[in-house]
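Q: There's a structure below that I have some questions on.
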Number of protein chains: 2
Amino acid sequence: MIVSALLTSVGINTALCVLFLTLYSILRKQPSNYEVYVPRLLVEGTSKRRSHFNLERLIPSTGWVAKAWSLTEEELYSLSGLDGVVFMRIITFSVKIFTFAGIIGIFVLLPVNCWGNQQQDIDVGNFTNNSLDVFTISNVNSGSSWLWVHFCAVYLVTGFICLLLFYEYKDISSRRISYFYSSKPQPHQFTILVNSIPTSSSSISDSVESFFKELYPSDYLSHVVVRRTSKIRRLLNEAKNMYRKVSQSRPGPTQQKNKHGGFFGTFGQKYSHIERYQKRLEDIEENVRLKQSEASLAGEVPARAAFVFFRSRFAAATAFHLQQSVNPTRWITELAPEPRDIYWPFFSQSFMRRWISKLVVVLVCILFTIMFLVPVVFVQGLTNLTQLENLFPFLESILTIKFVSQIITGYLPSLILQLFLQLVPPAMDFLSTIQGYISLSDIERSATTKVLWFTVWNVFFASVFSGSIISMMSIILDPKIIPGKLAIAVPAQASFFITYVVTSGWTSVSSELFRIIPYIFNLITGLFTSPDDEFDVPCMPYYRDVPRVLFFGLLGITYFFLAPLILPFVLAYFCLAYIIYRNQFMNVYAPRYETAGKFWPIVHNSMIFSLVLMHIIASGIFALKKLSLASTLMFPLPVVTLLFNEYCRKRFLPIFIGYSAECLIKKDREDQNDATMNEFYNNLVDAYKDPALIPIQYSSNNDSLSSPLISQLNAEEQCNSIIG
Amino acid sequence: MIVSALLTSVGINTALCVLFLTLYSILRKQPSNYEVYVPRLLVEGTSKRRSHFNLERLIPSTGWVAKAWSLTEEELYSLSGLDGVVFMRIITFSVKIFTFAGIIGIFVLLPVNCWGNQQQDIDVGNFTNNSLDVFTISNVNSGSSWLWVHFCAVYLVTGFICLLLFYEYKDISSRRISYFYSSKPQPHQFTILVNSIPTSSSSISDSVESFFKELYPSDYLSHVVVRRTSKIRRLLNEAKNMYRKVSQSRPGPTQQKNKHGGFFGTFGQKYSHIERYQKRLEDIEENVRLKQSEASLAGEVPARAAFVFFRSRFAAATAFHLQQSVNPTRWITELAPEPRDIYWPFFSQSFMRRWISKLVVVLVCILFTIMFLVPVVFVQGLTNLTQLENLFPFLESILTIKFVSQIITGYLPSLILQLFLQLVPPAMDFLSTIQGYISLSDIERSATTKVLWFTVWNVFFASVFSGSIISMMSIILDPKIIPGKLAIAVPAQASFFITYVVTSGWTSVSSELFRIIPYIFNLITGLFTSPDDEFDVPCMPYYRDVPRVLFFGLLGITYFFLAPLILPFVLAYFCLAYIIYRNQFMNVYAPRYETAGKFWPIVHNSMIFSLVLMHIIASGIFALKKLSLASTLMFPLPVVTLLFNEYCRKRFLPIFIGYSAECLIKKDREDQNDATMNEFYNNLVDAYKDPALIPIQYSSNNDSLSSPLISQLNAEEQCNSIIG
């Protein structure tokens with residue numbers, strides 16, 4: 001790739017970003033788009049729909065940037081919990097790394113690289129015609145002592161990153177502990193989930209009670225047996241849809257407000273319609289109530305799982321950490337997730353079935369990751385011009401235009417790849433759900449890891465080894481040749497990854513701001529439904545964004561000494577991400593759960609992996625450049641890095657698994673004199689009630705249900721200036 | 001190798017075994033050898049030295065075989081604890097396997113192998129001149145359908161072994177639990193060891209007390225801070241040696257008994273001698289007392305570790321399972337070992353130092369295992385005839401005799417290898433001691449694993465790949481070619497391993513009975529000391545014998561379908577071991593600790609490894625024999641075996657790590673009404689007192705100390721008939 005091509009690409013993508021940001025700053029001010037761009041503020045009531053038209057709406061503004069910039073970490077913490085803070089920490093951490101690495105890369109390594117003359121085709125006169133290889137390590141002469149500069153840079157940056165990783169881990173674990181100390185009594189702290197309860201002659205509920213009363217006579221409080229509610233859940237969904245239909249067929253709330261007296265009066269033609277729906281809805285509700293009472297009367301077979309409540313956090317932790325039963329595959333205990341975090345349709349199956357489903361999912365994941373490129377390549381093969389002309393004959397005239405055909409042949413394959421890639425996070429999320437996790441947060445964390453490995457394999461390694469699965473597998477299966485192969489293949493892809501950062505990175509983060517898909521979805525649904533329908537505030541899809549951000553970190557780390565030119569672009573990506581994600585946390589996403597920073601170990605591991613990968617490549621490069629001493633001296637670095645990782649695992653990881661006895665007992669003592677605790681204990685059972693078993697009341701009480709909407713609309717005139 | 005050579009080898013070794021057994025049955029009846037052959041009975045007082053001479057003593061007898069045979073498992077359990085039972089289980093388990101595999105091997109596989117004619121040089125007329133290869137799978141024609149018989153045999157035997165492994169694991173874990181249920185309250189059940197206690201302004205003792213009193217106000221009992229006592233221990237050893245010298249210089253107890261009145265009266269010439277020793281002894285004792293009082297007054301820096309005692313087993317288990325401190329590298333808790341099992345000079349260092357020493361030991365172990373053959377080959381190279389003649393010129397005349405030179409060149413290298421191999425278990429044991437384990441049992445278990453891997457690498461793989469480290473490493477580093485290389489190399493060594501079982505196996509087990517080294521040691525010391533000196537009953541060196549027995553199991557499993565001829569010899573080995581080890585448990589070894597079966601997981605893992613190794617070899621063989629379908633169909637077998645192993649890990653392994661809450665609480669309840677518990681609690685502190693801090697009294701109280709010896713001698717005339 002030549003410099004001018006890179007400059008063109010940077011130019012186009014900068015223009016695209018600016019366009020996105022400008023569009024965003026205009027569109028977010030349109031009331032019809034509030035649900036897309038400020039759903040969080042809308043629901044919280046801090047932002048109201050302003051129907052008055054004014055010119056300001058059409059002028060792009062930068063107020064939101066200043067607001068996002070000035071957000072403090074404490075504010076972010078109160079908005080999005082520790083998970084939001086941890087996510088932003090990934091970005092600030094990366095900014096720090098790449099500022100440091102960038103200074104070394106641009107001011108030290110880049111001149112050294114340009115100084116060499118291994119690449120013969122340098123055209124000094126015409127700078128922009130030079131190959132980008134001039135700026136990479138490939139240009140340094142073989143055996144040149146200048147390579148020691150790269151060697152030192154690798155050591156220096158590794159040391160810096162490890163130091164930063166240590167302090168970051170330390171800081172986040174102390175934040176996690178202080179989060180625990182400052183938290184009010186929360187149901188999940190007093191609860192464990194028991195699985196694989198053995199079936200006996202007595203009912204599940206009785207055997208749970210007798211087992212835990214026997215073991216923890218003073219600490220056992222009560223329990224809730226988990227029921228199988230998939231049927232009820234299906235009926236509930238049906239009821240909800242029906243209710244939506246009913247309320248859509250009904251007059252809009254503004255009209256309704258004016259005509260409180262006669263409901264069915266003026267809408268004769270819709271009458272029969274609504275009545276029919278109303279009837280159906282009542283039928284379904286009756287059915288639901290029947291099933292619910294059946295389930296609570298244990299008429300249906302309950303799942304062999306139960307939530308068990310204890311009087312103290314310490315007792316719950318004890319029951320979690322100790323093996324309960326003589327048979328380790330029975331009475332398996334887990335820490336209960338937060339009530340809002342529970343994935344209710346979870347596998348409440350026996351030990352064996354959960355274990356097997358986990359194995360199967362892991363296997364499917366591995367196959368999916370390895371084989372992913374096969375169908376993509378196949379589909380890409382289908383989309384050549386002749387095929388297209390055969391499939392869609394009417395396009396023939398357009399396809400013969402050279403420009404169009406170039407666009408199609410050039411962009412269609414990569415568009416297909418991108419579309420397939422977009423499907424990966426949801427697919428991995430789905431795989432994690434059937435893996436048997438009981439909480440949404442566990443599912444998302446598991447999906448995050450899966451997506452991360454998927455990206456590393458299918459984007460990094462597939463690009464490096466030009467996508468042939470067989471050649472990739474043969475390299476992986478022959479560990480001796482890995483450094484050598486990487487040393488040849490990785491630098492060759494430097495220019496590809498520089499443009500990848502610019503195109504894929506910058507675009508992905510600005511489209512995150514722009515929220516294209518929700519925007520389009522909103523446009524379409526806006527045509528059919530009234531804008532005042534209920535809507536859910538989205539929650540941050542960590543399983544999609546964490547791997548993406550981490551992958552750019554990996555690219556930056558592995559390429560920093562090979563092609564330092566990548567660093568400014570990576571840095572720009574992270575700066576953009578810094579502003580945009582902060583803005584999204586403020587306006588768009590509401591937290592759905594609080595893992596209190598459990599995402600950080602994934603980040604740490606990913607960084608360590610990036611470092612070791614860089615060391616392997618460096619070792620291979622130095623061997624290739626005939627500087628075998630440097631190649632040998634590179635060997636201690638991954639070892640020390642892995643030891644450092646091992647130390648961190650011992651020093652910090654336990655904090656992210658469970659709280660220590662010291663913390664738990666301290667918190668328990670604090671509560672002892674709290675008079676409200678009795679009430680809290682009484683509410684525990686309700687907190688872990690399956691939402692499917694909560695009585696529903698759509699049909700007979702329509703007006704009161706729509707009241708929140710009405711009150712929301714009444715406040716319509718109250719303007720506020722949050723949307724700048 | 002030809003059949004006649006094998007027959008010769010079998011003949012010689014059978015003769016050797018018979019000789020050993022005969023010699024043993026005579027020698028054990030000589031009173032001077034009681035300390036070697038029946039030390040356990042001697043100390044227990046069930047066997048007494050009979051000084052009356054009778055002819056019976058010189059006639060070999062088989063009574064001991066019958067006694068060993070008739071020992072029930074319950075008797076063995078009461079004699080040697082669950083560890084002894086588990087050790088014998090390894091042998092009975094192997095006998096079962098190899099009976100089953102032997103029937104298949106000899107009656108099905110062997111005829112199939114002989115039927116083939118791949119090996120062209122069969123001499124039908126002269127059976128004994130045939131190569132042993134005729135009986136191996138190498139003789140089956142390539143691509144022959146008869147190979148499916150081998151295929152089925154592999155599946156069948158794997159299934160049988162897995163089934164047996166499952167029931168054995170189940171049985172031993174239930175024995176472990178019933179051992180716990182039936183045990184009396186034992187100090188280690190109520191105790192944890194705390195390590196890495198943070199240094200603060202207050203003393204270690206105070207901070208332990210305040211920390212645990214804070215966390216476990218109702219369950220905390222007391223604690224003992226571990227002192228650094230290496231100096232005192234050195235002094236104590238000195239005192240002991242001095243005391244031995246004094247008592248040896250003194251008149252023999254029989255003489256002393258007759259002359260109770262005047263001690264120094266009749267031994268004028270020894271007087272000054274004894275007085276000098278006596279003086280030295282008193283000095284040392286004074287010194288010890290000084291150091292001891294210093295240590296208890298905390299004048300010396302205490303180790304940052306303490307034993308903490310709890311009122312209940314459950315509380316101790318809770319403190320072990322839960323992370324205690326906010327910082328996971330502080331207040332690290334371990335289950336306390338039995339008081340007799342503690343390795344007192346343990347590393348009571350900080351978290352970091354223990355961790356680093358562990359890493360270093362693991363590294364040294366790996367290097368030692370991989371590099372072991374280098375010095376051996378070097379030393380073997382030194383021992384050629386010319387070198388010997390140069391070193392010892394006086395041997396020249398003998399070395400020229402052809403027979404002698406043949407013996408030397410033939411046997412010396414293997415003798416050197418054997419000598420080096422004998423050093424491995426103690427070396428590994430030493431490495432484990434500095435690894436930071438706090439109990440002898442942990443040290444021995446760790447050493448067992450180390451010795452096992454060492455043997456597999458240096459005997460199995462080194463023999464198979466003819467000892468070149470570089471070729472071995474290159475194969476290990478290239479996993480794709482492993483099955484192919486193994487398939488070529490392993491069958492080629494069949495005859496070597498058959499003779500290995502006969503020579504090394506049979507000899508090692510009969511020399512275990514004969515106890516050559518202790519016998520020689522006893523002969524030598526018998527010349528200098530009186531036979532009535534104190535002596536320790538040896539304890540079973542599990543770290544030497546478990547790997548040895550398991551290695552023969554591995555040989556049997558990997559070779560059963562390649563060369564079924566090995567099976568009768570392996571079976572004979574295990575039958576011999578069955579009788580001999582039972583005899584040794586009865587007469588020689590006393591248990592030094594009780595891990596309650598913690599050795600079994602090592603056995604289980606080793607068996608699984610053997611199975612998977614066999615599958616890899618089988619897959620390679622079938623590919624080599626051009627039966628690629630069988631090779632492919634072999635693939636699911638290791639996967640299923642590993643899954644089975646994973647299931648066993650989940651189902652049984654937790655039982656071997658800690659007891660469940662159910663067990664602990666049940667036992668605690670039993671003790672609640674026990675009036676003796678208060679006394680037990682009071683004695684806990686003394687149970688975990690460092691023996692180096694117990695006051696000693698050698699010098700001023702000589703007569704009372706030697707009294708046990710006297711009483712033992714007084715009972716000399718009491719004969720009993722236990723020694724048959």
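Glycine too: its Cβ is placed from the backbone N, Cα and C atoms.
What TrEMBL says about a protein is an automatic prediction, not a curated fact.
Pulled these from TrEMBL:
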DOMAIN    B:5-168  domain 'CSC1/OSCA1-like N-terminal transmembrane'
TRANSMEM  B:6-27  transmembrane segment
TRANSMEM  B:86-110  transmembrane segment
TRANSMEM  B:146-167  transmembrane segment
DOMAIN    B:189-345  domain 'CSC1/OSCA1-like cytosolic'
DOMAIN    B:358-622  domain 'CSC1/OSCA1-like 7TM region'
TRANSMEM  B:359-383  transmembrane segment
TRANSMEM  B:403-424  transmembrane segment
TRANSMEM  B:451-476  transmembrane segment
TRANSMEM  B:482-501  transmembrane segment
TRANSMEM  B:513-530  transmembrane segment
TRANSMEM  B:550-581  transmembrane segment
TRANSMEM  B:602-623  transmembrane segment
Q: Take the transmembrane segment (B:513-530) and find every residue of the same chain, 6 or more past its ends, with a Cβ under 8 Å from one of its Cβ atoms.
A: 20-21, 23-24, 27, 32-33, 35-37, 248, 252-253, 538, 580, 583-584, 588
Q: Return yes if the transmembrane segment (B:482-501) and the transmembrane segment (B:602-623) have at least 3 CB pairs under 8 Å (sequence gap of 6 or more), otherwise no.
A: yes
Q: With a Cβ cut-off under 8 Å, give me the same-chain residues at least six positions beyond the ends of the transmembrane segment (B:602-623) that come close to it.
A: 86, 90, 93, 137, 147, 150-151, 154, 158, 161-162, 165, 169, 445, 448-449, 452, 456, 482-488, 490-491, 546, 550, 553-554, 557-558, 560-562, 630-631, 634-635, 637-638, 641-642, 644-645, 648
Q: Could you tell me what the rest of the chain brings near the transmembrane segment (B:359-383), counting residues at least six beyond its ends with Cβ under 8 Å?
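A: Tertiary neighbours of the transmembrane segment (B:359-383) are 408, 412-413, 416-417, 420, 424, 427-428, 431-432, 434-435, 450, 453-454, 457-458, 462, 467, 469, 473.
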Q: Same chain, outside the transmembrane segment (B:451-476) by at least 6, Cβ under 8 Å from its Cβ: which residues?
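A: Contacts with the transmembrane segment (B:451-476): 368-374, 377, 421, 424-425, 428, 482, 485-486, 489-490, 492-493, 496-497, 500, 543-544, 546-548, 550-551, 554-555, 558, 602, 606, 609.
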Q: Counting only residues 6+ away from its ends, which parts of the chain sit with a Cβ under 8 Å from the transmembrane segment (B:550-581)?
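A: Contacts of the transmembrane segment (B:550-581) (Cβ under 8 Å, skipping residues fewer than 6 from its ends): 10, 17, 65, 68-69, 87-88, 90-92, 94-95, 97-99, 101-102, 104-106, 109-110, 113, 132, 135-137, 150, 153-154, 157, 161, 452, 455-456, 459-460, 490-491, 494-495, 497-498, 500-502, 505-506, 509-510, 512-513, 602-603, 606-607, 609-611, 613-614, 617-618, 621.
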Q: For the transmembrane segment (B:146-167), could you work out the same-chain residues 6 or more beyond its ends whose Cβ comes under 8 Å from its Cβ atoms?
A: 93, 96-97, 100-101, 104-105, 108-109, 112, 115-116, 137, 140, 557, 560-561, 604, 607-608, 611, 614-615, 618, 621-622, 625, 627, 630, 633-634, 637, 641, 644, 648
Q: Which value does the mean pLDDT take for the domain 'CSC1/OSCA1-like cytosolic' (B:189-345) in this predicted structure?
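A: On average, pLDDT over the domain 'CSC1/OSCA1-like cytosolic' (B:189-345) sits at 77.
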